[in-house]
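First comes the structure, then the notes that go with it.
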Amino acid sequence: MAVTIVLGSQWGDEGKGKITDMLSQEATLCCRAAGGHNAGHTIVHGNVTYDFHILPSGLVSDKCINLIGAGTVVHVPSFFKELAALEAKGLKGAAARAFISDRAHVCFDLHSVVDGLEEKGLGGRKVGTTGKGIGPCYSDKASRRGVRVGEILDEEVFERKLRTLHAGYTARFGQLDYDVEEEIARFKEYRKLLVPHIVDQLAFFNKHKDSSNTLVEGANALLLDLDHGTYPFVTSSSTGLGGAVQALHLNPTSIKSIIGVVKAYTTRVGSGPFPSEQLNEAGEKLQKVGREFGVTTGRKRRCGWFDLVLLRYSQSINHYTALNLTKLDILDDFDEIKVAVAYTLPDGTRLENTIPADAEVLNKVDVEYVTLPGWKSNTMGVKKYEDLPENARKYIEYIERELGGVPVKWIGTGPARDDMICRE
């Protein structure tokens, strides 16, 4: 089994879907390792736009089998709703190629209700979650009281565990805007529908051990990782290389490439430190031209300049063998482009390749920038590297040098599926 892993290297929304879509055309197996329906990306396949949340985007290829792995949390209604939406747009037979590990955890509507209550309780210190219940679901998993997908098939165990979960949250918060018996009734129907989708993950991989090309699709991104991200303003799963290996029990020696997807500037949804954020005309321009709205929440994304400190940190943890630089065309109309190259902490310490663990300290860093000339010409739809403006090529090559020679192998030049430069 030869494995390619695609990972977000910033705060998510980097455009992982397009490279995954491209690579999935040759893949025989595509897997999600972490997260739930809080993730979101858009793929333009032909003339049709597809939104993905919990499902692997390998479903756009009719030759690709898809697995939602053990490290994920699955909101069952969203799983079926998303499948139906894909098939309604022409992806016939998608359901027959979508499988869920029996060791994944179930994200209930109950978790969404609790998510809102927990965020409300934080007041001005809100994390800025998607409100999908992901955090409470992972909390239940870590506390050993969660419900696994495989347990849905055992009606007695499932109902007992869900009622116990509900009773625990009621004891904590009081009366909830949630009816546990209604949810149990809904799952009587879901139980029958889920039977062909639920698999023993180890047996599944043994069946597909001769897969010539396995693609692992990362969700969220390294800076949202529970351990390595800007804690506590993170998601609740391991979104980096280590999380993918563990959740899908990959043999590390089978990994042939690790692709880091990075936007040509930086964005973030929700709260938390963002050193290179531009609360000015430049930030507004990036937001408007880049159409920076979250696929899952619809919220405006915060925008700022490319941050090499964050990317060096991300590279040190995920060990990218190549990069996919996305949305280069959004920078076409800037006279000059800034790149963050170092931070200075309040105590005077200068950082170039790591970030402080304390989010409060990261919020207070002074950012050092270099200024590069813009190219002031259209790169939309460019397919060959040599056809890019000279200053655009210099921008890309500067990033490569500053990252120690990690090659930028793919460059996104527009929203369409084929708006991509592939460098050999």
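Cβ coordinates come from backbone N, Cα and C, glycine included.
With Asp13, Glu14, Gly15, Lys16, Asn38, Ala39, Gly40, His41, Arg144, Asn220, Thr235, Arg299 listed by Swiss-Prot as binding IMP, the candidate from Thr4, Thr28, Thr130, Thr253 annotated for that site turns out to be Thr130. Among the recorded positions His41, Gly298, Arg299, Lys300, Arg301, the ones whose Cα sits within 10 Å of the Cα of Gly15 (GTP binding site) are His41. In this structure, the CA atom of Thr130 (IMP binding site) is 10 Å away from the CA atom of Gly298 (substrate binding site). Sorted by the number of other CB atoms within 10 A, the recorded positions Lys18, His41, Lys300, Arg301 start with Lys300, the lowest.
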